[in-house]
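In what follows, a structure is listed as structure tokens, so that the remarks can point back to it.
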Amino acid sequence: KEGYLVDYHTGCKYTCAKLGDNDYCVRECRLRYYQSAHGYCYAFACWCTHLYEQAVVWPLPNKRCKGK
């Protein structure tokens, strides 16, 4: 599974500035999911890959990001 890393409290994606390979996105994807996950910056948000099938990614059901 893959998808955008999401903040559970706000419903917003984790933003990033450096497109492509991005240490911040790799670190955040691994912290949220597990060490074999990978991440990169796609469309200015962290995209995580190699996730388990039940991983929660953006968009969250019944939770909209306000103002972003």
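The backbone N, Cα and C atoms fix where each Cβ goes, glycine too.
Noted from Swiss-Prot: CYS16 is disulfide-bonded to CYS41, selected from CYS29, CYS41, CYS48.
Here the C-alpha separation of CYS65 (disulfide bond) and CYS29 (disulfide bond) works out to 19 Å. CYS29 (disulfide bond) sits 8 Å from CYS46 (disulfide bond), taking the C-alpha atoms as the reference points. Of the listed disulfide-bonded residues, namely CYS12, CYS16, CYS29, CYS41, CYS65, the sparsest CB environment within 10 A is found at CYS65. Using a 10 Å Cα-Cα cut-off from CYS16 (disulfide bond), the recorded positions that qualify among CYS25, CYS46, CYS48, LYS66 are CYS25, CYS46.
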